[in-house]
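Just below is one structure, and these are the notes that go with it.
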Amino acid sequence: MKNIADIRQEYTKSGLRESELPCDPLSLFSRWLQEAIDANVEEPTAIIVGTVSPEGRPSTRTVLLKGLHDGKFIFYTNYESRKGRQLAQNPYISLSFVWHELERQVHIEGTAAKVSPEESDEYFRKRPYKSRIGARISPQSQPIASRMQLIRAFVKEAARWLGKEVERPDNWGGYAVTPTRMEFWQGRPNRLHDRFLYTLKTDGKWEINRLSP
């Protein structure tokens, strides 16, 4: 294996200037996300979600962004999963988007709250049939005996809903993340990257600061 310490890449594709920054970070995020989609970035809506246990132990996993409404980031998951249990006790959350092809990252901190059951129902109905069945039978984050256990449960549940509308289970739904800090990172040559931090103030306006790389 190649020496890991020798692996590096020079970032040269773009820059981020103060004059380009809108007052609202959601506007810049939407533009960057669209540019990632237009550039055919693999999984442009992938989010690294960070939560914390009651003991202060962090954990991360990757989910997909499924909406950006009223300034909130929306994703869906099993409420009984590890992240769901942690968010029930501590709503503080971090989200990270990494678009390697564009040499860009966005890091978000905020609080998460469940979306309404009606909103979760609406999205659940849009999911592929087999994904809906899978959501009903998977005890997410829990130990299982084998993959065959999942397959058997899937086949049994699919037969139960044959010819019927698959209902959303109560333990599955969405979270809306309200951001309070958003950092935009653009790779630059010589590791002199551009970093800008938006911080939400008590008056509802965003303060913008350039950070040292």
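Keep in mind that glycine also has a Cβ here, set from the backbone N, Cα and C atoms.
Site annotation (Swiss-Prot, ligand substrate) includes Arg8, Gln9, Glu10, Tyr11, Tyr123, Arg127, Ser131, Arg191, Leu192, His193; from Lys66, Lys72, the additional listed residue is Lys66. In the three-state DSSP assignment, the secondary structure recorded for Val63 (FMN binding site) is strand. Closest to Arg195 (FMN binding site) in space, going by CA atoms and restricting to the binding-site residues Arg8, Glu10, Lys66, Arg127, is Glu10.
Of all the binding-site residues listed (Gln105, Ser141), Gln105 sits in the most crowded Cβ setting, with the most other Cβ atoms within 10 Å. Put simply, the two farthest-apart Cα atoms among Arg8, Gln9, Glu10, Tyr11, Lys66, Tyr123, Arg127, Ser131, Arg191, Leu192, His193, the recorded binders of substrate, are 43 Å from each other.
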